[in-house]
Structures are given as structure tokens and as C-alpha cells.
Amino acid sequence: MAAVDIDIPVDSEPQFCIPGELERQAEVFKEQGNVFYSQKAYSDAFNCYTKAIDAWPKNASYYGNRAATLMMLSRFREALEDSQQAVRLDDFFMKGHLREGKCHLSLGNAKAASRCFKKVLELEPSNREAKQENKTAENLMELEKMANFGFEKRDFRKVVFCMDRALAVASACHRFKIFKAECLALLGRYPEAQSVASDILRLDSTNADALYVRGLCLYYEDCIDKAVQFFIQALRMAPDHEKARLACRNAKALKAKKDEGNQAFKKFNFEAAYQLYTEALAIDPNNIKTNAKLYCNRATAGAKLNKVNQTIEDCTNAIKLDDTYIKAYLRRAQSYMDTEQYEEAVRDYEKVYQTEKTSEHKHLLKTAQLELKKSKRKDYYKVLGVAKNATEDEIKKAYRKRALMHHPDRHSSATAEVQKEEEKKFKEVGEAFTVLSDPKKKIRYDNGHDLDDDGGFSGRGNSVFFSSSLVRWCGIILSLRKTCPRCLRGLHRVNVWASQIAIRLPVSLLCSCGVYTALMFASS
């Protein structure tokens with residue numbers, strides 16, 4: 001506190017001769033105190049003024065001077081008591097009223113401060129210092145009013161702004177500090193809030209408001225058991241502390257629901273776990289960290305119940321609350337993989353790997369990238385309508401079914417546009433079967449490798465195949481012949497050599513058994 005805020009401690013009121021040895025001794029102590037005060041040796045000045053008061057406690061100026069010293073030592077509550085004693089001894093002691101008002105201001109008691117300054121103005125209407133300090137008190141009242149309004153509207157940033165300005169005047173006001181700390185906690189600025197509360201508790205370990213704010217920080221940092229201890233301690237200090245009571249009740253209820261959900265999940269009762277996590281989420285929407293975990297827990301339970309879309313939504317909500325929550329990213333990425341949303345999965349796995357560069361996360365990212373690459377090719381499994389783990393027989397059956405479905409002869413009466421589309425699908429069926437019926441090609445396809453250089457059909461009209469492919473196609477033709485004796489109608493020639501076979505089949509004469517598929521694909 002700047003010395004200019006306080007007048008010279010020697011009061012200008014005329015001093016009367018003090019009869020007796022005690023009065024003279026008190027005056028000596030006061031003069032010594034004045035010297036120390038001018039040298040800014042405030043502790044020594046305080047001791048001298050205390051001796052003066054002990055020697056002669058009826059002198060208002062001694063209390064006034066000690067009050068000025070205590071203000072310089074930032075001991076405003078003690079200074080307030082001395083100032084009040086000074087004006088009790090002398091109600092016309094203007095410096096006493098001014099100092100009392102300034103102590104009230106520093107302690108955040110704006111109304112009381114204003115009364116003191118108005119008293120000075122009654123004694124001396126032209127007192128400029130009293131006028132200025134009274135304006136300061138009025139501004140402080142307005143700041144407090146704005147802060148209370150902001151708190152009601154949950155505009156906690158505005159409260160912090162108002163309290164910062166208020167504390168520039170009322171630097172010793174614990175109430176303002178606690179109000180600011182509470183809003184810092186509600187804004188998620190826990191270290192700052194804890195620092196303020198801890199500073200106050202070092203000065204006053206029984207401060208219920210500080211205990212409440214300390215518990216609030218722990219509560220919002222998901223240290224619920226420790227938070228409850230602080231709330232209970234606050235209620236011991238102030239049994240009618242409504243905020244501490246409400247926070248304690250919420251903390252206990254939240255922990256109980258979360259624990260019940262966890263127990264249900266461990267017992268594989270996923271439906272019950274899902275419901276319990278939902279109930280826990282409704283207890284306190286402001287508890288960001290705990291709710292992020294609850295959303296992720298519910299997402300895990302939802303995944304077990306095949307609620308894929310809800311799982312993704314819950315993970316997204318968890319990430320909105322805590323964008324560093326790795327488990328939520330991993331859970332959402334897996335759900336994206338399950339729903340073949342590979343670009344989204346890659347994005348989440350990249351975020352995870354950037355945060356934690358482990359071999360496991362790298363593998364997950366590579367897998368997602370591979371699936372994304374594969375998804376941009378034709379999905380031969382979808383073309384045939386089979387699962388990725390389909391057997392060879394299932395692939396053959398699906399091929400025959402799809403070949404018949406899209407055979408051009410079945411759509412000869414359709415429009416040119418439909419015929420073109422069906423012919424395209426017909427070719428895709430043959431292409432899909434060519435790959436999935438060949439174990440080597442299928443493995444390469446499943447692993448995401450490029451099949452362009454694998455060989456296969458080439459040329460147009462008369463097609464020439466490598467022997468391995470020819471053997472497979474001959475096998476297909478012979479197997480289809482059992483189903484349709486006409487499948488080889490129109491076969492002009494089959495030449496078999498040791499390493500290759502040439503097949504000539506006029507497309508127009510082929511029946512709908514599926515051989516047509518091979519030739520259409522061969523000539524594409």
C-alpha cells in the first residue's frame with residue numbers, strides 16, 4: 001500500500017499539554033513512532049504507538065497513528081479497529097473517519113466506507129479526499145452489483161473481470177477473492193482458483209467459503225472423494241453454507257451412480273450400465289471432466305449393445321468436453337471402422353498417434369489407412385453381396401446369382417440406359433469373381449495391394465490367358481455345364497497347350513448360365 005494513501009501519522013489537531021508522567025511518556029513513544037514511520041520502519045513504529053496507547057489509552061491520535069501504520073502493513077482489520085476506537089474517543093477526528101473508510105474499502109465494505117466519507121463531508125464539506133474516496137466506494141458497489149448479476153446469468157468471465165477491478169481497490173477483501181476463485185473454478189481454471197483458496201486458508205483455516213472453493217476445484221477435476229471431505233469441512237465451519245451442501249450432495253450422487261454403472265458393466269449387464277451412466281450424466285452438467293468420462297463409459301456400453309451411432313455421438317460429446325481424452329478418440333475411431341467411415345477413423349487415429357506415439361497406436365493408424373485405401377477401390381465383396389469372410393462355395397453361389405441377375409439377355413427389352421447399366425454391373429460381377437475366386441489375388445486384394453500387374457484377361461475377341469487362369473475358367477465352364485447343358489452351345493474351338501489355352505466363344509450365342517460373364521470381362 002502506497003504511503004501517499006495515508007496522511008502523515010502525526011495529527012494536525014492541536015495537542016494539549018498532558019499532565020503527569022504517563023502522558024509525557026506516551027508522547028515520547030508517539031514521537032519515536034513518528035520517526036520510524038517516516039523511515040518506513042512500520043513494525044518499529046507500530047511498537048512505539050502501541051507503547052504510547054498502553055501509557056495513555058485516551059488519546060485518539062495514538063490509535064489513529066497506529067491505524068495508519070497497520071494499513072501500511074496491510075493489516076486492515078486491526079487498522080479498522082484502531083480507527084473505530086479513535087473516532088469513538090473523538091467523533092470530530094476527521095482523519096480517524098477517513099482511515100476507517102479506507103479500511104472498509106480495502107476490506108470490500110463499500111457501504112460502510114461511504115458512510116465514513118460522508119461523515120467527513122459533514123465535518124468538512126470541501127474535503128476533496130473524502131469526495132474522491134466516496135466516488136471510489138460508489139464504483140465498488142456498482143462493480144459488486146454487476147458481478148452478482150453476471151453470476152446469476154452464469155457469465156463467469158464477467159464476474160472475474162469485475163472482481164479484478166474491485167480487488168484493485170479492495171485488496172484485502174476475502175469475499176471478492178473467493179467470489180473470483182469460485183468463478184475461475186466454474187470456468188475450468190482450476191490452478192488459479194486453487195491458488196486463491198489456498199492463500200486464504202493459510203491466513204484463515206476456518207474460512208468456509210475457501211474450503212468450499214477448494215472442494216469445488218477437486219470436484220471438477222474428478223477427485224470426488226477428496227472434494228466431499230472439503231465440503232463436509234466447510235459445512236462444519238458454516239452449517240448453513242447452501243453451496244457446500246448442494247455440491248456435497250451432487251458429488252456423492254455422481255460418484256454413487258458412476259460406481260453403480262461400472263459395477264453393472266463389469267458384470268456384463270450392459271443395458272443397466274448404459275442406463276446408470278445416463279442417469280449420472282443428468283446430475284451435474286457443469287462437471288466437465290467427470291461427464292467426459294461418463295460419456296466415454298456410456299459409449300463403451302453402447303458399443304456392446306451395437307448402438308453404433310449413439311456410441312459415436314457419445315464419444316464426440318466426451319471429446320467436446322475434453323479434447324485430450326485419448327480413450328474417447330480410440331473408441332470413436334473403432335466405431336468409425338465398424339461403420340466403414342475410414343476417413344474419420346484415420347483422422348482420429350492420427351490425433352491419437354500425435355499425442356501418444358506408441359507401437360499399438362501406429363498399428364491402428366496403419367490399419368485404418370489401409371482400409372481407407374481399400375475403400376476407394378471397387379468393393380468386390382459388395383459387388384457379389386457376400387461377407388469378407390465368405391467361403392469359396394459362398395462366393396461361387398453369389399457369383400452365379402449375380403451373374404443371372406445382371407445378364408444382358410434378362411434386360412433385352414429394357415431401355416438402352418438400363419441395358420448399359422446392367423452390362424456394367426455384369427462386367428463388375430465377373431471382375432469380382434475373377435479376383436475373389438483366386439486365392440492369391442484374393443489375399444493381395446484383402447491386403448490392399450494393387451492388382452493391375454497381376455495378369456488376367458487381356459486383348460479382345462480371342463482371349464489369351466496364363467495357364468493358371470485358363471485352368472480356373474475351364475473348371476468354371478465345366479461346373480456350369482452341369483447346371484445348364486446349353487452353356488457350351490456355340491463353342492467353336494478349345495485348344496489346349498501345355499502352358500496356355502485359347503477359347504473362342506461367340507458372345508451372342510452364350511446362354512445365361514454365367515459363362516457369358518467371363519467373355520464379357522475378357523473383352524472389356
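Every residue gets a Cβ built from N, Cα and C, even glycine.
Bear in mind that TrEMBL entries carry predicted annotations, made automatically and left uncurated.
Pulled from TrEMBL:
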DOMAIN    379-449  domain 'J'
REPEAT    26-59  repeat 'TPR'
REPEAT    94-127  repeat 'TPR'
REPEAT    208-241  repeat 'TPR'
REPEAT    254-287  repeat 'TPR'
REPEAT    326-359  repeat 'TPR'
(request) State the mean pLDDT for the repeat 'TPR' (208-241). (result) 96
(message) I'm a bit unsure how to read this: which one of 26-59, 94-127, 208-241 has the highest number of Cβ pairs shorter than 8 Å with the repeat 'TPR' (254-287)?
(response) 208-241
(request) Give residue numbers and ranges for long-range contacts of the repeat 'TPR' (208-241): same chain, 6 or more residues beyond its ends, CB-CB under 8 A. (result) 174-175, 178, 181-182, 185-186, 188, 190, 193-194, 196-198, 200-201, 247-248, 250-252, 254-255, 286-290, 293
(message) Cβ under 8 Å, sequence separation of at least 6 from the ends of the repeat 'TPR' (94-127): give me the contacting residues as numbers and ranges.
(response) 1, 5-7, 11, 60, 63-64, 67-68, 71, 76-77, 79-80, 83-84, 86-87, 133-134, 136-138, 140-141, 144, 166, 169-176
(request) Take the repeat 'TPR' (26-59) and count its residues per DSSP category (helix H/G/I, strand E/B, coil), listing them in that order. (result) 27 helix, 0 strand, 7 coil
